[in-house]
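> Sharing a structure below in structure tokens format, with a few things to ask.
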Amino acid sequence: MSAAPVVDAEYMAEVERARRDLRALIASKSCAPIMLRLAWHDAGTYDKATKTGGPNGSIRFPQEYSHAANAGIKIAIDLLEPMKQRHPKITYADLYQLAGVVAVEVTGGPTIDYVPGRRDSSDSPEEGRLPDAKKGAAHLREVFYRMGLSDKDIVALSGGHTLGKARPERSGFDGAWTKDPLKFDNSYFIELLKENSEGLLKLPTDKALVEDPTFRRYVELYAKDEDAFFRDYAESHKKLSELGFTPPRSAFIYKSCQKPKSLLMQTAAGVAVAAAVVAWAYLCESNKRLG
């Protein structure tokens, strides 16, 4: 594993430049779904017991992207390689997770808190750590609990299937989960609760979410309350993107010091208004006394 990057002002500025480039790339290539898939699949190999796998960029190596569950993922890796060359300071691990965050945001999803500083690794985990779409609730829990995630995380993250479609050459399944596979919303859950969503895909792992009573409670909540889904999804996505990763203190210090100019202006304006009100009140009181 390589050394952790130094997350200073220069690194954070590079991250913001990469974020802008990612927005342009995703818009021009309509590749949000596969960018989200890349971020998930790099992170979703984490094992909390052995502290191996996770969002470390190892998916860029053939021994990992050739896993059956990663069929087609090389497309995303290749799309991001020129960007890595433009922003060499940023680690692959950070770039892949940033791509997932941007993919959600530019398609209408929630803003996800992103903290950089991940190390790159060339140590790929053994095959079989990612979810198998042909299995059910017990399998989902086995996979996600191994990562250290919860039932709520399982359902919230499954809502990411609102983006994209399954392809036979990659998974053996064919079709989209929603009517607009390039829009991030809560329609995945709405369709799940319908007995017949004609022309839309429902994998065995999708059906497990409505068949299992604990999972179903979250499905029903997210189907009727998109704000609740967005809130929980953003929280779960952040957890997934930081599995096995301890954000460097320098990143938090930098973020806390970067108060937006608009906010500073609002604060200054607020102080000025408050001062004016106090002065006006003082003058009024003085006039009363003089009268």
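Backbone N, Cα and C define each Cβ position, glycine as well.
Pulled these from Swiss-Prot:
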- HIS41: active site, proton acceptor (ACT_SITE)
- HIS161: heme b binding site (BINDING)
- THR162, THR178, ASP185: K(+) binding site (BINDING)
- 116-133: compositional bias 'Basic and acidic residues' (COMPBIAS)
- 113-133: region 'Disordered' (REGION)
- ARG37: site 'Transition state stabilizer' (SITE)
- 263-283: transmembrane segment (TRANSMEM)
> Mind checking which residues of the chain, 6+ beyond the ends of the region 'Disordered' (113-133), have their Cβ under 8 Å from one of its Cβ atoms?
1-5, 7, 11-12, 15, 41, 44-45, 47, 52-53, 55-59, 61, 63-64, 67-70, 90-94, 97-98, 101, 139-140, 143-144, 146, 166, 171, 173, 203-205, 234, 238, 241-242, 245, 247-248, 250-252, 255
> Anything within 10 Å of ARG37 (site 'Transition state stabilizer')? Look among the binding-site residues THR162, THR178, ASP185, comparing CA atoms, and list what you find.
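Cα filter at 10 Å returns nothing.
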> For THR178 (K(+) binding site), what is the secondary structure state per DSSP, taken as helix, strand or coil?
coil
> Cβ within 8 angstroms of the Cβ centroid of THR162, THR178, ASP185: which residues besides those meet this for the K(+) site?
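Once THR162, THR178, ASP185 are set aside, the remaining close residues are GLY159, HIS161, LEU163, TRP177, ASP180, PRO181, LYS183, PHE184, ASN186, SER187, TYR188.
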> Inside 10 Å of the Cβ of ARG37 (site 'Transition state stabilizer'), count up the other Cβ atoms and send me the figure.
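The Cβ of ARG37 (site 'Transition state stabilizer') has 23 Cβ neighbours within 10 Å.
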> DSSP says what for the region 'Disordered' (113-133): how many helix, strand, coil residues?
0 helix, 0 strand, 21 coil
> For the binding-site residues THR162, THR178, which one has its C-beta crowded by the most other C-beta atoms within 10 angstroms?
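Within the set of binding-site residues, the most crowded position is THR162.
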> Non-local Cβ contacts of the residue listed as 'active site, proton acceptor' (under 8 Å, 6 or more apart, same chain)?
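Long-range Cβ contacts: ILE59, ALA69, ASN70, ILE73, LEU130.
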> Here are some binding-site residues: HIS161, ASP185. Which one has the most Cβ atoms within 10 Å of its Cβ?
HIS161
> Return only the integer: C-alpha distance in Å from HIS161 (heme b binding site) to ASP185 (K(+) binding site).
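Computed Cα spacing between HIS161 (heme b binding site) and ASP185 (K(+) binding site) is 10 Å.
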